[in-house]
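Reviewing the structure listed below.
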């Protein structure tokens, strides 16, 4: 019991409530070890499904067998009771095998996601944890090159035998006090700290209610979270320890939603859950959120339809030591202590505060972990003896502020120390201040989290905010660089001579209010004017004179107000800011001197492979060779009459037209880009070049022209010699030949560029008239060769060419059936570009649309830019000819559209795990959908002159919001870069699998060749038609 001194200051009521509220119920835990709970269900119900990854399943019996196999393999390479195994895997059906195999071997696992964990954290965890071995997948083999421990591959460790006696579980002496896992908490100062968690810590949460959350056989449980996050242990181990079915979410947003729709219990952070509407997930019965503060609106929305649990607890108290079942309309709290745990709210002297008053939250009981690995001083600082339990157990200082509310639950009120969460990451404010102090000339700095935004305060006042951010960005990741900076000559002080952070906070609030006034003045412009006619103006944030009064103190009573000159720079203000990334020349500083991978193979072989015999040309050649073989065959057989050659002409025209049909193109793209990113890279890099299918179109087009020349010659010969071919057929043939020659001549790249309008007109009208004449020629030729006594209709229906001509005609006509005139909402970005908004359809990412103001004369294709969560799409039209210049000067309010959204080269993005996306100028338009969609980690490189003046703050800011580490290179300021070398730097830094580029033809070909010749998959548009 607690000594009377610790509770003597409380009223009798508060003393009673201290015990009532702060001590959880005593409940017996049925299992002492996590894997023992799993084995109970594996033995009781071996046929039940343990894991279901989008249809790939493992039963409890098979999972148990595989885990035993892995445990035996680990024992054979030196793993013993008490060992630690670094587990570098990913969210998949194999994850439970790895976890249980390690536990059955008597070891603890260190969970690291091979797709996410940084090299520095991986190296630190391997050494700091004292791992006996590293367990990984073959796909992550490169990440463990030079590892200081043996590497075991999960892919190879499972024996093929289905005989349960083949791999016997090793002798098990694990107890509740042994380690189950070690979680490395993220930090921005120093190195990550490993937290030692025991089996007893975990089973106390997952094997009894409420932490059990109703998990039982037949219940489906989501596995949505990063496996390195301790919250993920709740869903993974909780499901397996209770006989439920664990459902990993897959790699795409489509898979993610499919899993969410299929589960009964959903684990999530509030940020992950926020975009989703519970109406869309009727199967979900229970949701538990943790990891960050939960907004009331989110809790109310989901709480109205499901059991909505809000949980809280740092890693050091085992995932969560308080939980609350939210009732819509009530305040959001984190509940009370879970069974066998305690929760205290104490003052600075470690005495309980009265109910309703704010203090520091401490946790105690069965969830308290062993402490920090290899950090005894840090452990003794945060873990202390629990004087209230008085049984020798420990309690932990969470560093969080909270208070007990009247219903006996805790209200979380933020952190008392300098560690905060920003965008889901832990950030040490002192580390941010230290990073800002690395800027030349800075004499002092501090950082505060104010209304969810990271602010930096720096002295003296003559330091550029952009220089401060550049310096901080060299030390800290993007999320730990202040988005707003205030510079001043002196910091306000408290009575004790310390920096008065309350006054600094007030300064920040007043500067935000001043900025809000400026925005309100801009917003007063009528909406229709803002949409159309005013190009954005980039202004510099003004110097703001702020008068901040000191709070009275012993040495400042009666003092006058202190005037502080503060320079405000807001990184997220579209009117007054430029992203720090646009101004940090160090990102590309010295890139031309980087050591780059050598080009593979000899120069001749490289050029043959990547330039002369590109996949496009190989497909062209295949079509051409097939036609050559057909020519040889009919010559040998002497079956080259005009009728047969005419059929071959039609077959080639059919293929050429169909390979440009929107539905056919989309089908090719959907099939080839559906290959998952888990497949070997050589398969994915080949399938991703599906956009080279234009080679089939060109091959068939050229072949049809050559066959038409042969047909013309043969038909003329037959006509002269009195054969079957009539004069009218030959006459029509010469007209068709002339039209096709005209199309081919104007399609020649040099002429097409110089005479683009002429090309458009000839290509369209000669193509239409040629199609009509093909019908006439076909009918004439059929009549010429009509067998005696047979009706024309009977012959036609039996002739394959007749049906080919019908199909290709329908293919050409079909898009015109989807012709419509739609409303356009223009947004003028500058005198160089306009953004056109449409709301009649929402196309998928990676597609382009055709628009026109004169549908019978010309059509123009632009990348469609859908915004996630918003109906409709936009197009970015930049100055590149008469048509674009006309619509930038006079933005349209209506345009014609036809056909369906058609996929382009960036449909391939989800096939890769990490990519560098390169765009020059308006090439950012086709790239934007993939950037906004955020389906994979990517690094964006955008080069253009004066991007904000050219494309406007709104587009630039949206790109930076979706990809905060995007590199924006101002060619007006820095000149034209060496795009190959700059791209190679980003590929190396980002550890990218592949590169995609949207640019002009010469630069696209240069970058693609520069990457491919070094073994890096690269993709860019083909200019073939």
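Placed from the backbone N, Cα and C atoms, the Cβ positions cover glycine too.
Listed features, source Swiss-Prot:
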REGION    38-422  region 'Adenylation (A) domain'
BINDING   332, 333, 412, 413, 414, 415  AMP binding site
REGION    556-638  region 'Thiolation and peptide carrier (T) domain'
REGION    682-900  region 'Thioester reductase (TR) domain'
BINDING   685, 686, 687, 688, 769, 770, 771, 840  NADP(+) binding site
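Distribution of Swiss-Prot features across the structure.
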residue	record	contacts (Cβ under 8 Å, 6+ apart)
332	AMP binding site	294, 295, 296, 299, 310, 324, 326
333	AMP binding site	310, 324, 405, 407, 409, 410, 411, 412
415	AMP binding site	399, 400, 401
685	NADP(+) binding site	994, 1017
686	NADP(+) binding site	none
687	NADP(+) binding site	672, 673, 675, 911
688	NADP(+) binding site	672, 673, 908, 911, 912, 994, 1017, 1019
770	NADP(+) binding site	736, 739, 740, 743
840	NADP(+) binding site	820, 822, 823, 872, 897
Binding-site residues (413, 771), the one with most neighbouring Cβ atoms at 10 Å: 771
Length of the line joining the Cα atoms of residue 771 (NADP(+) binding site) and residue 414 (AMP binding site), in Å: 72
For the region 'Adenylation (A) domain' (38-422), mean pLDDT (0 to 100): 92
Residue 414 (AMP binding site) CB neighbourhood, other CB atoms within 10 A: 13
Nearest-integer angstrom distance between the alpha carbons (Cα) of residue 414 (AMP binding site) and residue 769 (NADP(+) binding site): 73
Where the record names 685, 686, 687, 688, 769, 770, 771, 840 as binding NADP(+), the maximum Cα to Cα distance in Å: 40
Three-state secondary structure, which DSSP defines for residue 333 (AMP binding site): coil
Coarse DSSP state, helix versus strand versus coil, of residue 840 (NADP(+) binding site): coil
Distance in Å spanning the most remote Cα pair of 332, 333, 412, 413, 414, 415, given for AMP: 17
Most Cβ neighbours inside 10 Å, all chains, among the binding-site residues 412, 769: 412
Integer Cα-Cα distance in angstrom, residue 413 (AMP binding site) to residue 769 (NADP(+) binding site): 75
DSSP state at residue 771 (NADP(+) binding site), helix/strand/coil: helix
